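Annotated features in TrEMBL:
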DOMAIN    1-180  domain 'Josephin'
ACT_SITE  Cys14  active site, nucleophile
ACT_SITE  Cys14  active site
ACT_SITE  His119  active site
ACT_SITE  His119  active site, proton acceptor
ACT_SITE  Asn134  active site
REGION    273-292  region 'Disordered'
REGION    303-340  region 'Disordered'
Amino acid sequence: MEAIFHERQEGSLCAQHCLNNLLQGEYFSPVELSSIAQQLDEEERMRMAEGGLSSEEYRTFLQQPSGNMDDSGFFSIQVISNALKVWGLELILFNSPEYQRLGIDPINERSFICNYKEHWFTVRKLGKQWFNLNSLLTGPELISDTYLALFLAQLQQEGYSIFVVKGDLPDCEADQLLQMIRVQQMQRPKLIGEDTLQARDQRVQKADLEQTLDVSQPFDGPGVLDEDEENFQKALALSRQEIDMEDEEADLRRAIQLSMQGGHRTGFSDACTLNAPRSATTNQSESLTSEELRRRRQAYFEKQQHLHQQCQNPEFHDVPTTSSNALGTDPGGDLSEEDMLQAAMNMSLETVRNSLNTEEKK
């Protein structure tokens with residue numbers, strides 16, 4: 001493909017690139033095309049002057065810019081047609097009903113010039129293969145014979161004007177070489193600037209992603225607990241709650257034991273006293289009266305009742321209410337010390353069970 005002449009787009013000089021890619025050489029420059037355009041402008045001015053130099057049409061024509069070229073480098077179809085006449089070439093509108101009625105297969109032509117919204121490019125046959133020589137591409141694009149008709153039809157559907165180039169094109173090295181060999185194209189050429197545009201889009205997307213991460217960092221940073229750590233914290237809190245309940249239960253046991261030391265059941269009292277340190281038992285028995293022990297038991301039972309009501313779940317309504325009934329009674333009533341101890345133990349176990357079930361539900 002290196003032998004194929006291919007001018008790439010510079011400014012708005014697509015008409016120049018179209019002609020040179022068609023003729024396969026640097027045959028036209030912007031200066032030469034501007035000269036042809038100025039000649040066409042002068043011919044049009046002379047025709048308009050025939051209607052009178054003072055006519056409204058003539059004055060309006062003089063005020064209008066040139067229709068054959070502009071400052072950007074665009075040139076009209078008239079300029080291209082006159083430039084090709086130098087080489088004995090003629091343009092016929094491929095889209096016209098007259099040409100379509102001829103039923104000529106596009107594969108039997110030699111070249112086409114396509115135009116859409118002030119952009120010109122050439123499709124030419126070199127050797128035995130067709131190539132899209134659009135100056136907006138990074139290189140020639142190979143077009144198969146079967147795809148040529150579809151390619152032209154697609155251009156027509158997109159609004160392109162297509163012209164068939166009639167006449168003998170000048171000889172060129174690429175045509176002679178491709179008469180003997182056929183080329184294959186593994187990767188189609190991209191549009192000029194497409195790589196740069198993709199790289200810029202990637203940089204913009206990367207910057208947007210980094211900005212999004214920066215904004216979300218306060219919420220997604222190390223200060224936020226992940227799921228495993230959150231579960232660990234819940235288990236730790238539950239464990240601490242159980243320890244507190246066990247400590248309170250131990251205090252209640254010791255208080256009951258002390259209150260029973262002065263009773264008639266000396267055997268049970270002595271056995272319970274062995275479970276506590278001698279010094280602590282002696283000091284507490286000396287400092288605590290029966291009325292104080294009763295008040296402490298009352299306060300403990302009220303506290304446990306309040307905790308039980310908070311942790312209780314509706315689905316546990318059918319659970320036996322032994323501990324609940326015990327909570328509803330007066331600790332200083334007719335209950336014996338053993339009944340009170342048993343009620344306290346049942347209530348503590350039920351509270352722990354309800355707390356565990358509630359955590360599992362969450």
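Using N, Cα and C of the backbone, Cβ positions are placed for all residues, glycine too.
Note: the Cα of Cys14 (active site, nucleophile) and the Cα of Asn134 (active site) are spaced 9 Å from each other. Neighbours of Cys14 (active site, nucleophile), defined as other CB atoms within 10 A of its CB across all chains, total 22.
Across the structure, His119 (active site) and Asn134 (active site) place their CA atoms 10 angstrom apart. The Cβ of Asn134 (active site) lies under 8 Å from the Cβ of Phe121, Thr122, Glu141, each of which sits 6+ residues away along the same chain. For His119 (active site), the count of additional Cβ atoms within 10 Å of its Cβ stands at 17 [all protein chains shown].
Per-residue pLDDT, averaged across the domain 'Josephin' (1-180), gives 92.
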